[in-house]
Amino acid sequence: MSTSTKLGGSAMPSGDKPLRGAGRATVAELSAKRPKPPLKKVMPEVWKLVKPRLWLISGSFLLMLVNRLCSFVLPVSAKFLINDVMYGGNMKKLPIIIGAVAGATFLQGVSSYSLTQLLSTEGQRLISDLRKQVQQHIGRLPVAFYDENRTGTLVARIMTDVEGVRNLVGTGLLDFAGGILTAVIAFAILIKINPRMTLLTFVILLVFGVILQRAFKTIRPIFRERAKINAEVTGRLTESLGGVRVVKGYHAEESEANVFAKGVTRLLENVISSLTAQSLMTLSSTMVLGVVGGIIMFLGAHEHVAGRLSVGDYVEYTMLLAFMIAPIVQLVSIGTQLTEALAGLDRTTEIMNEMQEDSEPSRSIALPEIKGDVAFDNVFFEYEKDKPVLHGISFDSKPGTVTALVGSSGSGKSTIISLICGFHTATGGAIFVDGVDLATARLSSYREQLGVVLQETFLFDGTIRENVLFSRPSATHEQLMEACRIARVDEFAERFPEAYETIVGERGVKLSGGQRQRISIARAILADPRILILDEATSSLDSESEAMIQNGLNFLMKGRTTFVIAHRLSTIRKADQILVIERGKILERGTHDELYKLGGRYYDLYTRQHGLEANLFLAPGEGDKVEAVTA
C-alpha cells in the first residue's frame with residue numbers, strides 16, 4: 001500500500017540572452033547561504049513523512065518491542081542455568097530454560113523478518129513517492145528557476161538526495177528507537193543487580209554520549225556538502241555528455257575530463273573527511289568498550305569475593321551490559337545514516353519550498369477556451385533589477401492573425417515571445433489574452449491552448465509516435481495520422497522498417513533536421529492550439545527542407561493567432577503585422593508593403609538580406625551588379 005507524502009511549500013525560445021529571473025538565487029546559492037537548520041526545525045518535515053505512515057510505525061514498534069524483549073530471555077536464562085542448574089543441581093529447570101530460549105529465539109527471528117520486510121518495503125515506497133512528488137513540483141516551477149539551475153543538479157536532487165531519506169521511515173529510525181529502548185531496559189535490570197557498578201558505567205557512557213552528539217552535529221554539514229558537490233559533478237557530467245559533439249568538435253575531451261576529475265576529487269576529499277570522522281567515532285566507542293569491560297571485570301571480581309555477586313549474576317550482568325553498550329556503539333553507524341537522511345531531507349525541502357507558477361495568489365482565473373486576442377499594454381521587463389530589456393511595448397494581435405517580430409539579435413524578440421508563453425511575468429504594464437490580464441490567469445489553463453515550434457526541436461528518446469502524441473496523449477490514431485500527413489511526417493516515417501515505432505534517439509539524433517522539425521510541426525498540429533509560436537522554425541533548415549515543411553506551417557497557422565520570429569524575412573511577407581524591434585522598443589510596425597515603402601529599418605534589413613541571398617548564386621565579382629529587389 002503506497003502512501004503519498006507532501007513536503008514544504010519545455011524548452012525556451014532561442015534568443016536575446018540567457019534568461020535570468022530578476023534577483024533569483026540558484027538552489028545551490030540558497031543552500032550555501034542559508035544557515036543550516038537545527039534538528040528541531042527539521043523535525044516538522046520528519047513528522048510530515050511519518051504521519052501518513054503512523055499505522056506502519058506503530059505496528060513496527062510493537063514488533064520491535066517483542067523483538068527486544070525476547071533478546072533479554074537469553075541473559076536472564078543464563079543466570080538461572082548457572083546458579084540453579086550448574087551450581088544448584090536442579091535439572092528440572094533445564095528443559096524450561098531451553099524451551100524459553102528456543103521460543104524467544106523463534107519469536108525474535110519472526111519479528112526481525114517482519115520488521116525488515118515491512119520497513120524496507122515502505123522505505124522504498126517512501127523514496128518512490130518523494131521522487132514523484134519532487135519531480136512534479138520541479139516541473140511546475142517557473143522557467144526562471146531552470147535558467148538558474150543546472151539540469152544535472154536538479155536530477156541529483158530528485159534521485160540522490162531523496163535516497164537517504166528512507167532511513168527516517170525504514171530500519172534506521174526504528175533501530176535508533178530500538179537501541180534506546182534496549183539500553184533503558186538493560187539499565188533498569190543492571191541497577192537491580194548491582195547499582196554501584198551500573199552507575200559508574202553509566203557516567204562513562206553518558207560522557208561518551210555527549211561526545212557522540214557533538215560529533216554528529218559536526219558531521220552533518222559534511223553530508224550536506226557532499227550532496228551539493230555530487231549535484232555539481234552530476235550537472236557538469238550531464239552537460240558534457242549532452243554536448244559531446246561540441247566537445248569532440250573542439251577536441252576538448254581532455255579539458256572536460258580534467259573538470260570532471262576535479263569535481264570527483266572534491267567529492268573524494270569530502271567522503272574521506274566523513275570516513276575519518278566515522279572512524280574516530282568507531283575508535284572512541286571501541287576504547288569505551290575496553291575501559292568499561294576492564295572496570296566491570298575488576299569490580300565484578302571484588303563483588304563476587306565479597307559475596308555480593310554470584311557467578312550467574314556476573315554472567316547475566318556482563319551480557320546485559322553488552323545490551324546497554326551495543327546500542328550506544330551502534331548509534332555511530334545508525335546516527336550517520338540518520339544524519340545523512342536529515343541532510344537529504346533538508347535539501348529536498350529547500351526545493352519543495354520553491355513557489356510553483358500557479359501557486360501565486362494573484363493567479364486565480366482559469367481561462368476557458370480562448371479566441372486568441374493578445375494585447376501588450378505598455379509592457380516593461382527586466383531580467384535583472386534596474387536593467388530593463390523591454391521599454392513600453394504595446395501592440396494588439398487579433399484572433400487568427402499573424403504577427404511577425406523582426407530585429408537584430410538581442411533586440412528583445414525572444415523576450416516578447418517568452419512573455420507571451422507565460423515563461424516570465426512583465427515587470428511593468430500588462431499583457432491581456434481575450435481581455436484577461438495574463439498575470440492573473442492560471443498558466444495551466446492558458447498553456448493547454450498554446451502551441452510552440454522552436455528553432456531547436458526537442459525530441460524525447462522514444463518513438464516517432466510518442467513524440468507526436470506528446471502534445472495530446474489522448475488523440476486517436478486517425479488524428480495522429482492526419483497530423484503526420486499534413487506535416488509530411490508520413491513521407492519518411494513509413495520508409496523505416498518500424499514506421500512510427502522507430503526510436504528517434506536522444507534529442508532526435510537519429511533523424512535529420514528537417515525530419516525533426518516536421519515531427520515538431522505534427523506535434524503542434526495535433527495540439528490544435530489557439531495561439532501559436534514559431535520561433536525561428538525554419539532558420540536552421542536548408543532551402544529544400546524549408547520548402548517541404550512550409551505547407552505544414554501554412555496549415556498550422558490557419559485560423560490561429562500566430563507569432564513568428566524569422567531572420568529570413570521572405571517568409572513573413574504575408575504577415576498581418578510586422579513589428580520591428582530594436583533595443584527593447586518597437587521601432588516600426590505595419591505590413592510588409594507598408595514597411596518596405598517606408599524605407600526605414602525594415603527596408604534596410606529586407607533589401608540587404610535579399611541581395612545577400614541573390615549573391616549566393618552568382619560567380620565571384622558579380623555581386624555588385626545585383627540591385628535591390630522591389631517589393
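Yeah, the Cβs are placed from backbone N, Cα and C, and that goes for glycine too.
Where the annotation comes from TrEMBL, it is an automatic prediction and has not been curated.
TrEMBL annotations:
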REGION    1-21  region 'Disordered'
TRANSMEM  54-74  transmembrane segment
DOMAIN    59-340  domain 'ABC transmembrane type-1'
TRANSMEM  94-115  transmembrane segment
TRANSMEM  167-191  transmembrane segment
TRANSMEM  197-216  transmembrane segment
TRANSMEM  280-301  transmembrane segment
TRANSMEM  321-345  transmembrane segment
DOMAIN    374-608  domain 'ABC transporter'
Surrounding residues of the transmembrane segment (54-74) on its own chain - C-beta under 8 Å, 6+ positions past either end: 100-101, 103-105, 107-108, 111-112, 114-115, 118-119, 122, 169, 174, 177-178, 181-182, 185-186, 189, 319-320, 323
Same-chain residues at least 6 beyond the ends of the transmembrane segment (94-115) whose Cβ lies under 8 Å from its Cβ atoms: 60, 63-64, 66-67, 70-71, 73-74, 77, 80-81, 85, 171, 174
Overall pLDDT for the domain 'ABC transporter' (374-608), taken as the rounded mean: 83
